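**Student:** Have a look at the structure that comes next, please.
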Amino acid sequence: MSLVKKAACIGGGVIGGAWVARFALAGIDVKIFDPHPESERIINEVMANAERAYAMLTMAPLPPKGMLTFCGSLAEAVADADWVQESVPERLDLKRRILTEIDAAARADALIGSSTSGLLPTELQAQMKHPGRMFVAHPYNPVYLLPLVELVGGKATSAATIERAQRGAEQIGMKGVVIAKEIEAFVGDRLLEALWREALWLVHDNICDTETLDDVIRYSFGLRWAQMGLFETYRIAGGEAGMRHFLAQFGPCLKWPWTKLTDVVDLDDALVEKIGTQSDRQAAGRSIRELERIRDENLVGIMQALKGGNGGKGWGAGKLLADFETKLWANAGGAQRSPDLSAPLRLVNTKVSAAWVDYNGHMTEHRYLQLFGDTSDALLRMIGVDFTYVEAGHSYYTVETHIRHLGEAKLGQELFTTVQIIAVDDIRIRYFTKIHDAASGKVLATAEQLMLHVDSNAGKSVAAPAAVRSKLAGLADAHAKLEQPDGLGRHVGQKR
Ligand SMILES: NC(=O)C1=CN([C@@H]2O[C@H](COP(=O)(O)OP(=O)(O)OC[C@H]3O[C@@H](n4cnc5c(N)ncnc54)[C@H](O)[C@@H]3O)[C@@H](O)[C@H]2O)C=CC1
Ligand SMILES: C[N+](C)(C)CC(=O)CC(=O)[O-]
């Protein structure tokens with residue numbers, strides 16, 4: 001049973017808009033209140049970017065998108081919400097007033113989260129009548145892709161609230177990390193501010209410009225941080241002796257010290273202009289929305305790579321994504337309960353993600369195989385071979401594949417797949433899959449494949465159970481009436 005069915009977002013700027021996308025793409029209806037005259041346009045643009053990113057991020061069946069409602073008042077927006085997320089500008093007086101208004105209008109059991117980057121929850125909840133349900137839910141930009149949310153309770157926040165917030169975060173694919181004690185800027189922004197302050201000094205002192213500084217991060221430790229963070233990275237840097245050796249070797253420089261962390265650079269007009277000019281040069285005319293799309297493509301690529309990490313089990317944010325997808329597949333049940341049998345089965349809809357494109361500027365070979373594999377998985381789920389079935393010790397393994405490439409698929413192109421069953425027996429399924437361009441229906445690639453039913457523990461093929469065979473037989477009988485697909489039985493080098 002889902003904890004959050006309805007959400008309300010108060011404030012729909014950079015962060016509020018992305019919270020809207022995070023909730024809506026997890027199937028949750030969202031009501032929004034933001035007095036900005038262009039709030040609806042801005043949020044719709046963020047939604048478009050988020051949907052584009054999700055289409056590249058996962059092939060798991062997302063739930064139907066939640067409905068967005070733009071409300072004329074805060075009270076209307078929060079009235080029936082299970083989770084209210086406040087994302088108004090970072091001012092204590094404003095946030096306190098808004099949270100007090102939410103407190104008065106929300107349901108008694110609603111969770112009330114604040115996106116504040118650094119204000120203490122105890123101070124934020126000071127004027128609320130029911131502060132036990134209020135907490136900080138500090139996300140990272142873009143909220144719809146970066147899965148971390150720091151959960152911080154104030155003095156009045158109940159333990160049950162934090163526990164429910166963690167469950168709610170999990171429902172929307174996020175990792176809710178509970179911060180043990182409230183402290184200004186929590187954990188992430190403490191670290192980021194330290195780095196930011198030092199970076200401003202380096203630019204101020206003409207040690208480097210903004211582009212050089214960003215290069216230093218993105219070509220080196222930025223890559224390390226995405227997958228292992230700080231402590232585990234430094235443990236490895238200590239060599240075989242690990243963390244203790246690392247501390248012994250690099251501990252003393254902390255006292256020299258190397259940094260200027262205690263001084264605050266004066267952000268006077270000259271420095272603001274200098275950084276602004278260097279940053280404009282770096283952006284090379286790209287708009288913020290363009291930069292957001294590039295950022296999103298890169299983040300998707302990183303998360304997909306991490307999903308394949310740790311020997312395919314997934315690592316860090318990639319493991320979280322894999323676990324979320326497992327739930328999405330499980331919730332989707334046997335997709336297409338009564339499929340249309342008068343045509344090949346339409347099984348997977350997707351878009352070509354940036355991570356799938358090669359140096360020729362089109363979808364690279366192994367992604368075709370991935371898409372054929374995902375289609376096989378969808379077919380198997382349809383005949384009852386789902387996660388529970390596989391965990392119980394049986395599955396189907398692919399033993400033969402013949403792929404033909406007939407057209408190109410470019411970045412962002414929408415695709416769908418269809419499957420025709422060619423022949424089945426107690427053990428085998430021979431089937432023919434096509435990848436189509438979604439706009440024209442044109443066939444871009446085909447695969448003829450053979451799968452065997454196996455006892456995974458014994459590592460050998462065995463007859464499938466009667467229930468699976470009967471579902472397969474129904475599909476095979478219906479598909480026997482269809483015309484044989486063009487290219488069936490072809491082999492490499494065959495004359496056309
Ligand atoms: N921008 C960032 O990178 C991050 C920001 N945050 C936090 O999120 C919160 C919002 O920041 P941003 O989205 O960046 O700011 P923003 O300026 O982009 O958005 C604030 C929104 O609040 C709206 N607003 C102002 N008064 C309002 C009211 N009375 N009722 C409803 N809406 C109102 C504005 O019209 C605007 O759309 C802040 O607390 C910030 O610290 C958290 C994580 C990252
Ligand atoms: C700059 N910031 C303090 C608003 C940043 C954050 O709060 C988190 C982020 O996304 O970097």
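Cβ from N, Cα, C; glycine included.
From TrEMBL, here are the annotated features:
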BINDING   GLY11, GLY12, GLY13, VAL14, ILE15, GLY16  NAD(+) binding site
DOMAIN    6-182  domain '3-hydroxyacyl-CoA dehydrogenase NAD binding'
DOMAIN    186-252  domain '3-hydroxyacyl-CoA dehydrogenase C-terminal'
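Any idea what these are sitting next to in the structure?
**Tutor:** Taking the Cβ of GLY12 (NAD(+) binding site) as reference, residues of its chain lying under 8 Å away and at least six apart in sequence are, in sequence order, VAL20, ILE32, PHE33, ASP34, HIS36, SER39, ILE42, ILE43, SER87.
Over the domain '3-hydroxyacyl-CoA dehydrogenase C-terminal' (186-252), the average per-residue pLDDT in this prediction is 96.
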**Student:** VAL14, ILE15: which of these binding-site residues has the highest Cβ count within 10 Å of its own Cβ?
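**Tutor:** Per the Cβ count, the most surrounded site is ILE15.
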**Student:** Using the Cβ centroid of GLY11, GLY12, GLY13, VAL14, ILE15, GLY16 as the reference point for the NAD(+) site, which residues of the same chain not in that list have Cβ within 8 Å?
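**Tutor:** Surrounding the site, in chain order, are CYS9, GLY17, ALA18, TRP19, ASP34, SER87, VAL88, SER115.
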**Student:** Taking each of the binding-site residues GLY11, GLY13, GLY16 in turn and counting other Cβ atoms within 10 Å of its Cβ, which one has the fewest?
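**Tutor:** Output over binding-site residues GLY11, GLY13, GLY16: least Cβ neighbours within 10 Å is GLY13.
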**Student:** Give the residue counts of the domain '3-hydroxyacyl-CoA dehydrogenase C-terminal' (186-252) per reduced DSSP state, in the order helix, strand, coil.
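**Tutor:** Going through the domain '3-hydroxyacyl-CoA dehydrogenase C-terminal' (186-252) residue by residue, I get 56 helix, 0 strand, 11 coil.
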**Student:** Does DSSP put GLY11 (NAD(+) binding site) in a helix, in a strand, or in coil?
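**Tutor:** Going by the DSSP assignment, GLY11 (NAD(+) binding site) belongs to neither helix nor strand, so it counts as coil.
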